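See below for the structure under consideration.
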Amino acid sequence: MSRDLHAGGSAQGNTRPSTRYDDELEQAFTAAEDARDEAMRLARESDRLQALLIDRDREVARLRAEAEQREAISRALLSQIETTVRERHFRDASTAEELQVALEELEVTNAALAHANEELEKKIVERTAAIRASETKYRLLFEAMDEGFLLADVLFDEGDRPVDIRYLEANPSATRMMRQDVVGRRLREIDPSFEPHWYEVLGLAARTGKATRAEMYAKPLRAWFDLYVFKVGGADDRRVAMVFKDVTERKRIEDALMRFNATLEEQVAERTRERDHLWDLSEDLLVYADYDGRLLRISPSWSRLLGHEHAALLARPYSEIVHPDDAELVRETLDELRDSRHPMRLKYRILAADGSWRWIAWVLSPDPDGRHLYGVGRDITAEEAATVALHTAEEQLHQAQKMEAVGQLTGGVAHDFNNLLMAVLGNLDLLRKHLPTDPKAERLISGAMQGAQRGATLTQRLLAFARRQDLQTQPVDLGALLDDMRDLLERSVGPRIVVRLRVSAALPPALVDPNQLELAILNLAVNARDAMPDGGTLTLNVTETAGTATGGLAPGSYLLLSVQDSGMGMDTDTLARAVEPFFSTKGVGKGTGLGLSMVHGLAVQSGGAFRLSSAPGRGTLAELWLPVAATPAEAVEPSAEPAAEPAVAPAVESASATILVVDDDALIAMSTVDMLTDLGHTVLEANAGPLALDVLGGNQDIDLLITDYAMPGMTGAELAREAHRVRPDLPVLLVTGYADLPDGAIIDVPRLAKPYTQQQLALAVAKLLVR
């Protein structure tokens, strides 16, 4: 522009030299051109400022001040140019037009510069609002976040070692976890006992700018923290920000698990450091498969749990190792999983390499691709076994309760039946003595008495099942007892059955009633014989073993007498009812169904147990558990065939005596009184304990008291005690249909079991009167 103006001046014929004027004018226009360039640069600068990250009000103020300063400079420059031009206008009017044009251009430039400054101010205001909105959001997050946040300066000594921390900002969570307000304070001022690693970790981040994640313990706070620390500010700043959370509870749980299983925790800790190996570490069965039953990927735990080779499992169809009874369930579950697209649970059995079946509880989840699934399986074999064991124990408890109830009923029936047999036998005995000699009558009476005696034998078996028989327990050498019974057993089972005895050496004696044990063994042998109609083998084995609480036995040593046959065996239903009284698989008239019941009662009453196991076609195993005796065994008399009872028992001589008979059953009392009267005794009667005590108090001539045990109000045992208080020297005979009295009822007086004959009564009375 200056060259054009200078050329214009020469064209108007002004030949007078004006060097100074031209130079000043040239400078003015140059200044105007520079001002225009500055305005354009400021406009471009405003665009650049939009991209700056402004996070504080002071930065905004700085930018505004800079813009205002530049605007002031521009305006001052324009004013100076205008003043210079106006001065030259008055000196030289020939350049007025050119100066007017220049001034107009400068005004345009000034307007552009003002517009640029207005735009810059507008953008500064907008940016300031955005920064404040961002700060508001930041502050809300800062105040509400659960993690603690701290901003701090790390202080170093001359050796560039971190020595303290000065806290600048803290959110509420940090204040809560630090248990005090720390802003404006130093860590050593707060508590000088903080461990050195806190200074080292924060110092490393402040010095190197390397972000660090660590779990560290703070002794003053007695807490563990998961800490993430990173540097903020410029390269020369030593400022850090900390985000942390309290993980003390998690650490406590981890420590507890380590105490429970140090080895497992060590393995888990090792694999935790290798997070990409979690698949290999899992003890659960992890699988990725398709819906056609192909295993595409499995965890090593499959081989560890099942024993199969990893490659073999992937190569074979999965259905080959699923239990046949569970195959349909697995197929239906997979179909439902594919259709529902929701996780599902199920459990089924998988074949292990050793041939056993493992129960696995699965959680299955479908893959979003619709063609695959994920599965996590846990071995619950032990839990299933425990469930089965619990179910079995409950069934055994129910069976035991049922047998106890049946036993109580059976014992009551046997007692009442003994009373009836007492009247029958007593009256038949007396009838035999008073009838004239008549072979036919004698035969009829003998038949009736034999029937009654068989009934008495039956009641003894009932009492044995009810565990109310009177056992004469003693140490018994089972080996010697079986040797003595060999001939009897071989005759009982017949020539087509081979009897084998296997007795371990140096066995301790068993504590049991030898006579009842012989009867029990004979019953088991006869049952085995009936199960082997075509012959077979009967094996009796005796070993010493230990009892366990799970088997219903008290802890201790036992002799196990097992009787094994090779017969037909029993199915599940028959086995479940085998020891029930009167249950029999034999034909009508071929058995009472009390043999195994008696064995069961003997075992339990002796402090042992009786168990049966059997299966169709595999024979039956009967196990009789007997407690070991604390003293050596006594000699056992060889078993012999019972001698036949004479038709008429020899008379028992005794002096005449006065006897008080007490029984609430009139029929029994009448029979006993008649037998005693027939023996020449004077008999007084009473039907209750209190009445008998009145009779005793008023009659000192009574020589003997015979009382029934089971009476209402006062039992025979209680009557005997009271009678001894009145007459300490009075003999007492206790008669009962229960061969074994209830706990707490036993007293030191002779007993006579119902039913009894006149001869048995005479013998008992004679023994007491002799005293």
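Yeah, the Cβs are placed from backbone N, Cα and C, and that goes for glycine too.
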From 96-137, 180-221, 516-557, 558-599, the residue range that TrEMBL assigns the feature coiled coil:
96-137
Pick from 25-52, 669-696, 725-752: which range has coiled coil per TrEMBL?
25-52
In the predicted model, what is the mean pLDDT computed over the domain 'PAS' (271-341)?
86
With helix taken as DSSP H, G or I, strand as E or B and everything else coil, how many residues of the domain 'PAS' (271-341) land in each class?
42 helix, 11 strand, 18 coil
